[in-house]
Amino acid sequence: MGSYYINRTFFFDVHPPLGKMLIGLAGYLSGYDGTFPFQKPGDRYEQHNYIGMRGFCAFLGSCLVPFAYLTVLELSKSLPAALLTAFILIFDTGCITLSQYILLDPILMFFLMGAVLSMVKCNSCADRPFSASWWFWLSLTGVSLAGAMGVKFVGLFVVLLVGLNTIYDLWDLLGNLSLSLVMFGKHLLARVLCLIVLPLALYTAMFAVHFAVLNRSGPGDGFFSSAFQSQLIGNNLHNVSIPEHLAYGSVVTMKNLRMAGGYLHSHWHLYPEGIGARQQQVTAYLHKDLNNLWVIKKHDSDTADLSDPSSPVEFVRHGDIIRLEHKETSRNLHSHQHEAPLTRKHFQVTGYGINGTGDSNDFWRIEVVGRKTGKLIKVLRSQVRLTHVATGCILGSSGKTLPKWGWEQVEVTCTPYSKETPNSLWNFEDHINPKLPNISLDVLKPSFAEILLESHMVMIRGNSGLKPKDNEVTSKPWHWPINYQGLRFSGVNETDYRVYLLGNPVIWWLNLVTIGLYLLITVCTAVALKRGVQLTSELKELSRVVLRAGGQITLGWLLHYLPFFMMGRVLYFHHYFPAMLFSSMLTGITWDALLKFCAVFLSPSTTARKIYGGGFLALVLLILYSFYLFHPLSYGMIGPMASNPSSPMAGLRWMDSWEF
């Protein structure tokens with residue numbers, strides 16, 4: 001995708017564009033020419049200059065360590081807590097692996113941690129509102145939120161975290177009776193400007209740049225509307241003139257109005273045994289293809305005579321009964337009362353007949369939304385509905401992806417329910433008829449607001465419809481905190497140089513245990529404070545850190561983890577890494593507080609420092625030794641797989657689900 005930006009080729013992705021734009025920019029500035037195909041991991045770059053892109057992602061991944069360090073230092077005011085957090089992130093094999101490749105994740109986590117650090121720094125300036133530093137950190141929070149949202153939609157979780165923090169602050173200010181309502185209004189306006197208006201302006205600007213740079217036709221065209229495609233250089237709709245009104249004998253393509261609904265398509269392959277009638281498949285296809293072409297014919301006669309230049313032009317009108325003949329295979333668009341392949345209670349749609357000769361199930365009534373009977377049908381602009389004459393069902397794209405026998409194209413059905421939705425509406429896009437005069441497509445130029453809205457609808461639908469690819473390792477959210485299963489980044493056998501994405505198990509299990517420990521400490525602290533237990537000033541401050549600072553970080557972990565349990569899309573191990581950053585910060589804060597509590601309660605003051613220092617040193621040494629054991633996961637393994645007893649990694653395969 002970085003290559004597409006360098007080549008200015010339009011593409012479709014389920015995520016917003018900022019991450020890919022930054023990778024493309026890093027490649028462009030470092031001399032990469034955008035010609036490497038990136039077909040599979042492990043392909044040799046040869047003469048291609050990839051170092052700039054790899055270095056850029058690694059640099060942003062490295063910034064996570066100082067960001068987390070400064071955040072914990074600001075929240076806990078404890079240097080050891082901040083250092084422990086930094087050690088955890090420096091020596092985690094998962095963070096290293098994820099940061100050293102050309103991926104969106106380090107960019108997303110950079111902006112996410114930038115937003116959290118800026119939010120915490122802004123909170124620490126609460127005693128001097130509207131100072132230069134207060135404005136700086138508040139504005140930087142807004143910029144970071146725009147960055148996180150601009151890389152992936154999961155940036156919404158950190159937006160929610162900052163939003164809840166802001167609501168809490170404003171509620172606190174509202175209860176401050178020494179603050180006038182005018183001053184409260186200024187606080188509210190400052191947050192609206194910096195945390196809503198500024199991020200939205202930057203987010204919109206990203207898309208403006210995205211659409212300005214990607215001005216050439218590419219693999220993403222078919223996901224978007226005909227009007228949008230007419231803006232892309234090289235697209236068959238760009239700067240072209242086509243006949244305005246549909247006529248019999250015209251060769252057309254039909255595009256479904258559902259976002260990413262696809263073009264009406266057929267091919268020589270038949271539906272498999274047991275899937276309705278064993279006739280030719282009809283699907284919706286997202287890409288331009290010769291198999292998307294259909295010829296409009298009269299239902300009761302052939303139109304061979306209409307191809308004669310001397311024959312009169314006969315226009316198709318609203319309410320006409322027509323036949324659509326597939327140009328490549330000469331079979332008619334057909335439906336009958338067999339059940340559709342995937343959508344129950346819908347009818348199957350097929351290609352039927354020989355050289356255009358079929359039966360009465362090939363007849364369709366063409367109707368234009370909001371038009372009167374007898375009106376002409378306009379290319380691109382008219383929204384049409386095709387009603388099957390024999391059964392009364394309506395042609396539509398269900399949006400469901402067919403299995404391998406359907407080439408993973410989109411299912412087309414005939415629905416007996418007449419509810420008007422974009423699924424059952426179509427427009428005619430390509431239109432070839434040499435006997436008709438042409439008009440320019442410039443009249444269809446969409447506004448930027450329309451393009452922005454359309455791109456988001458397509459991204460959201462694409463995200464929710466993601467399915468796993470062949471041999472792809474997917475996972476469930478409960479797998480992630482326990483480090484149940486990693487991801488192969490490269491290499492699958494003994495002769496390959498293998499890199500495996502897996503968190504340092506000692507660190508990840510320490511983080512998991514710490515969440516339970518934190519909850520226990522929080523309950524004990526809250527009960528002690530509620531019962532009025534007399535605490536020293538040191539213990540009071542420690543309790544405040546546990547409840548306030550630890551609470552903020554725990555909320556961040558919950559917001560970046562729990563929503564995945566409700567997602568219907570395919571999920572991968574790497575989705576947990578933003579939550580892992582929060583659990584690592586919580587580990588630093590919790591163990592620092594726990595060791596201090598132990599030092600105060602279990603020992604006289606002379607040995608308290610030794611207990612605290614010894615516990616901290618033991619944790620650091622444990623982290624260092626575990627990294628020494630597992631670092632080959634990030635930096636590459638050769639030789640036998642770990643399942644082989646002779647492998648140097650054999651003793652480290654602590655779980656059968658680890659496949660390194």
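Every residue gets a Cβ built from N, Cα and C, even glycine.
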Transmembrane segment according to TrEMBL, located in which of 10-32, 79-101: 79-101
Candidate ranges 79-101, 135-168, 549-566, 611-630 - greatest C-beta contact count to the transmembrane segment (188-214) (under 8 angstroms): 135-168
Annotated stretches the transmembrane segment (549-566) and the transmembrane segment (79-101) touching (3 or more Cβ pairs under 8 Å): no
DSSP-assigned states of the domain 'MIR' (313-369) in counts, ordered helix, strand, coil: 3 helix, 29 strand, 25 coil
